[in-house]
Structure formats: C-alpha cells, structure tokens
Amino acid sequence: MSGRPPAQGRFRALLLDQLADERVTKNSLEQRGIAVIASAGTLVAIVLGFVMLTTGQDAPASGVTVTALHATALIALVAASVAGLCVNLPARVAKVAAGDLVNVAVEESWDAHDDESSREEFRILADMLSGLRSVNRRRARTLLAALLAEVLALACMSAATILPLLTDR
C-alpha cells in the first residue's frame with residue numbers, strides 16, 4: 001500500500017465544503033424569495049395608487065393603454081409573488097435518516113474504518129450535494145423569473161405614468 005491517503009480522504013474535505021456552500025446558497029435563495037414577495041406587495045400598492053391617480057384624471061391617455069399597462073404590471077407582480085413563494089416551497093433533498101444513524105451506532109464495529117464504509121459515506125455525501133445543487137439551480141431560475149417579472153411590472157408602471165404626461169390634453 002502506498003503512503004497516499006485513500007481517495008475518499010483526499011476529496012472528502014472538498015465534498016464537505018461544497019455541501020456547506022450549497023446549503024448557504026439554499027438559504028440565500030430562500031431569503032431572496034421572501035424579499036421578492038415583500039417588494040412585489042409594495043409595488044402592487046404603488047400600482048394601485050397610480051391607478052387611482054390616473055382614473056381621477058380626464059387625460060385621453062388614461063384610457064385603454066394605461067389601463068392595460070397597469071393590468072400587466074399587476075399580473076407581473078402577482079406572478080413574481082407566486083414565484084417567490086415557489087422558491088420557498090419545501091424540496092426533496094437527500095438526507096441521512098436518523099434511524100439509520102442509530103442503527104449504525106449499535107453495531108459492534110461501528111467505528112471500524114474500512115474502504116467500503118468510506119466509499120458508502122462518500123457516495124451518500126455526493127448524492128446529497130447533487131440533490132441540493134439541483135434544487136438550488138431550480139430555485140435560482142425561479143428567482144430570476146420573479147425578478148424579471150418585477151422589472152416588467154416597473155417598466156409597465158413607468159410607461160403608464162409617463163404616457164399621460166406625453167399626450168396632448
């Protein structure tokens with residue numbers, strides 16, 4: 001046997017670091033999802049305020065175009081809120097069952113080091129990392145869609161606000 005540590009030992013620290021990073025990413029995405037929900041709610045209130053202002057005016061541009069822009073903004077904000085909620089939905093991620101850990105601890109040779117148990121531990125950790133990365137990628141795409149919906153809503157709100165100012169009265 002050579003003086004090198006087993007492969008699992010050489011890559012285990014890297015795998016554990018990657019797993020910790022993915023958990024931090026997961027928490028960050030969930031916090032950002034909550035922020036999208038909060039900001040979308042605030043923007044809905046602003047849109048409704050603009051609607052009240054424009055419906056109180058007799059400007060010709062406060063007709064169908066402005067109403068359509070406000071409606072589009074509201075729809076986009078509701079979509080952003082729904083996407084923010086989806087980011088925070090519970091996801092199935094591989095975990096080690098507590099019962100399995102208890103069963104390992106009662107075995108007579110539970111702390112014996114062998115290549116098979118090292119490989120199994122490494123495989124379990126790698127599966128956990130793979131599953132968490134997959135969930136995080138899906139959540140990141142959903143969060144991006146939520147942010148793009150908010151940008152669309154802001155563009156519609158801006159256009160609905162500026163349009164009446166640009167039209168002749």
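Note that Cβ sites are derived from N, Cα and C of the backbone, with glycine treated the same way.
Just so you know, TrEMBL annotations are computer predictions that nobody has curated.
Listed by sequence, the residues of this chain that lie at least six past the ends of the transmembrane segment (33-53) yet keep a Cβ under 8 A from its Cβ atoms are 70, 73-74, 77-78, 80-81, 83-88, 139, 142-143, 146-147, 149-150, 153-154, 157, 160-161. Look at TrEMBL and you will find 33-53 (among others) tagged as transmembrane segment.
Annotation comment: TrEMBL describes 65-87 (among others) as transmembrane segment. A Cβ distance under 8 Å defines the sequence-distant neighbours of the transmembrane segment (65-87), meaning residues of its chain 6+ beyond its ends; these are 29-30, 32-37, 40-41, 43-44, 47-48, 50-51, 54, 139, 142-143, 145-147, 149-150, 152-154, 156-157, 159-160, 163-164.
Per TrEMBL, the feature transmembrane segment maps to 143-166 (among others).
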